Amino acid sequence: MRRWTVSAALLLLICLSLLPDQGPKLHANAEESDESEGVVDPPKVEEKIGAVPGGLSTDSDVAKREAESISKRSLRSSAEKFEFQAEVSRLMDIIINSLYSNKDIFLRELISNASDALDKIRFLALTDKEVLGEGDNTKLEILIKLDKENKILSIRDRGIGMTKEDLIKNLGTIAKSGTSSFLEKMQTGGDLNLIGQFGVGFYSVYLVADYVEVISKHNDDKQYVWESKADGSFAVSEDVWNEPLGRGTEIRLHLRDEAQEYLDEFKLKELVRKYSEFINFPIRLWASKELDVEVPADEEESSEEETSETSSSEDEETEDEDAEKKPKTKTVKETTYEWEVLNDMKAVWLRNPKEVTDEEYTKFYHSIAKDFSDEKPLAWSHFTAEGDVEFKAVLFVPPKAPHDLYESYYNTKKSNLKLYVRRVFISDEFDELLPKYLNFLMGLVDSDTLPLNVSREMLQQHSSLKTIKKKLIRKALDMIRKIAEEDPDEFSDKDKKDVEKTDENDEKKGQYAKFWNEFGKSIKLGIVEDATNRNRLAKLLRFESTKSDGKLASLDQYISRMKPGQKDIFYITGTSKEQLEKSPFLERLTKKNYEVIYFTDPVDEYLMQYLMDYEDKKFQNVSKEGLKLGKDTKIKSLKESFKELTNWWKDTLASENVDSVKISDRLDKTPCVVVTSKYGWSANMERIMQSQTLSDANKQAYMRGKRVLEINPRHPIIKVLQERVAKDPQDESVKETAKLMYQTALMESGFILQDPKDFASRIYGTVKGSMNISPDVEVEEEEVEVEEEPEAEQKEESSPEIEEEAEDQASLKDEL
C-alpha cells in the first residue's frame, strides 16, 4: 500500500512539471477570456468625414463613435490582454489608497509627462527635422478637453508618442532592479525615492478615474490603445476606431463619481495655473465662451411689438417707421468653444538676468505673489547656483508686509517660496528652504536635479537642502544689503557729495527705511535665530539714537561717531523713544556727548541677549551695572565719604530685596536710580515677561536681576540725607524718606511697584508734612443715619378670581 502511494505521488509531480509556465504576463484572446464579461465589439472604421486633424476632434459623429466604444468601460474583446507586473499592482494599490494626500496632483503629473514627451521630440528634431512631420504635428503643445456628458477628461500632447512595446513596458512593468525589496521597505515605513526611476506619476490617474485609455502614435509604429480599469490587468490593441493622432499621446480619464469636480473648466484652469504655469509648451483648454449674438426676431414677437407701438407718440411713430425698414433682430446668448491658452506667463528665471527688464521682473512678481497693485517690489535677486545641487532662483522683497506676518510666526509651515522641479510646481510648504525670519520673501526655486520622493511632497536628501538653504540665505541678505547701499539716505554727509543726483537715485531714496519699517522685526529675529549669519544681519540693523536726529542709523554709523577711547556701544530699552529721552540713565552720557541707541521694540530685549558684540565692540545697557565713562579720580574718595549713608540705606531697604547701594557715575540732575545686575532682566524685560499670558512667577523670580540703588553724591537731597543719618540713624522720618526715594526711583527707572498702596501711603504722609498736618490726625467719621423701614401698607392687587373666591367663602361662613 505504501509503495502504491509513493508511486502515485511521483507520477503527480512529473505531470505538474510538464505543464507550461504561467507567468505574470498572461496573453489571452477575447473569445477565451471575455465571453462572460459581455464586451462590446469595437465600432467599425468609417471614413474620416468632418474630422479635425488635431486629434481632439469636436465632430459630433466622432464623439458618438468614441462614446459607443467605451460605453460599458470594459476592455475591448479584440485587444491583447496582459496582467500588471506584481510590483505595479502593489504600487497602484498604495498610490490609490495612501500615497498621495492631494488628488489634484494627477493633472500636474500628466502635464509633466506630456512636457517630457514634447521635449524628447524637440530634441530629436534638432538633428532630424523630418520627425516632426507636417501640418498640426509640428505644433508642440498640450491640449485638454472635457466631455461632461460622458464624464471624460482628455489630455493630448504632440510629443514623441509610444510604440506598442513602449505601452506594455512603461505602463505595465517597472524595469528597475530592487523595486520589490524597495516596496517592502516602503510598506514598513521606509523612505520613498522613485521619481526619475520610472513614470510612476502616471498611476496617480487612478486617484480620480476608474477606467483609463491611453491612445498613442509613434513615428515607428501604428496607433495603439492601452486601457485598464486598475483591477490588475490591462489591454493593448491596435487603434482602428479613434481619429489618427498623427503623432503623440492622448490620455482619456473616465472620472469616478466622486471626482466630477474635474469636469469644471474653472477648476482645471486653477490647477494648471497653480502647478504647470511655467511649462515650456503652451497648454490649451477647449473652453466655452458666451457671446451676445444678433438673430432675427420671431414673427410673434414682432407683431407684439407693433401692437405696443400704436400707443406711442407721433415722434416715436416716425422713428419706428424708419426702423421697420430694417429687419427685426434680437440679442441672445450663444455658447461657443475655442482653445484657450492657460500658461501665458514665461519662466523668467530660465533667461539671462541681463536680458530681463525691470518691467518683466515686476510683472513676474505680481504673477507669483498674486499682487494686483501697481507697486514694484523693493528689490529682487535672479541667480543660478552650480555645484552638487544645481538650481535657478528668483527672490523678491515685497513692498509691504502681510498683516499676519508675525501672528503665527512659529506655527505656520507655509512659505512664500515656491519649489519647482523642471518648471513643474511641487509645493510651497518647504520651510527647510528658507529660515522663518526670511519667510516674507517671495520667489521660487527651480532645480533639474533635486531628489524628490514618489509623491513629490517631501524632499529627501538633507544635504541637498542644506546646500540650497545656505546659498539662498546668502543671496537674500546680499539683496537686502544692496537696498541700503543704493539708498541715498543711507550715505553719510561726506559720501553724499560724491553721489550724482539722478532720477534713479530719487526713486531709491528712502527705500531702506521703507524696508525696515515693514520687515525690520524679521532681521532682529534672524539675529536671535541664525548664529551663522549674525554678523551679516547686524549690518542690516537700524535704530534711532540720541544723535540720529530722528533718522535711522546703522551700527557702522554709530561706530564712526564714537568718542576716542570709547570701548562700548551704549543702548537703552523702553516702551517709546519719548519715554527714553527723559530717562535719568542718559543724563551723564548726553552731557559727556556719548551716543546712546534707543531700542523700543519688545523683541529688542531678546535681540540684545544674543548680539553681544559688533566689530570688537561690546554692547552695554546703560540701565544695568558695569557702566564706565572713563576714569573718575574722585569716585574712590566719594565712596569712602558716603560709606556710612550707603550702608545705612541698604539696611533700611532690607525688606525691599535691594542688593546694594552705590555711588552713581551716570546721574546728573536726578538724586537716585535703580539698576539691575549685568546678566539679569532689565526693568523693561520684567514688564514684558509679567505681561505674558502663561508666565510663571517662580521662573520670573529666578531670572529677575538683583537691584542696586545708585545715588547721586552731588544732589542736595542726598547731601541733606547724609547729614541727618549722621545725626540720628534711628530717626523714623528719615527712614520713611529713604524708602520713599527708593520707591520713586524704582518707578522712574521703569520698574513696577510690588506694593503700590504702601507707596501711595508714603506720598500722602509727605503731603501732610508739607501742609503742616499732624500725621496722627484721623479722617472724620461719616455720620450714618438709620432709616426706618416703612410698613408695607400697600396690598397686592387681587385678581378677579381671588376676589370671587373670597366672597364665596364669606357667604358660606354666613350660612353656617
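Positions of Cβ are set from backbone N, Cα and C atoms, glycine also.
Automated prediction, rather than curation, is the source of TrEMBL annotations.
Copied over from TrEMBL:
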- 1-20: signal peptide (SIGNAL)
- 102-259: domain 'Histidine kinase/HSP90-like ATPase' (DOMAIN)
- Glu109, Asn113, Asp157, Met162, Asn170, 176-178, 197-202, Thr249, Arg456: ATP binding site (BINDING)
- 294-322: compositional bias 'Acidic residues' (COMPBIAS)
- 294-331: region 'Disordered' (REGION)
- 771-816: region 'Disordered' (REGION)
- 777-791: compositional bias 'Acidic residues' (COMPBIAS)
- 799-808: compositional bias 'Acidic residues' (COMPBIAS)
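Confidence for the domain 'Histidine kinase/HSP90-like ATPase' (102-259), expressed as mean pLDDT, is 78. When the binding-site residues Asn170, Thr249 are scored by other C-beta atoms within 10 Å, Thr249 scores highest.
In this structure, of the binding-site residues Glu109, Asp157, the smallest number of CB atoms within 10 A of the CB marks Glu109. The number of other CB atoms found within 10 A of the CB of Gly201 (ATP binding site), across every protein chain shown, is 24.
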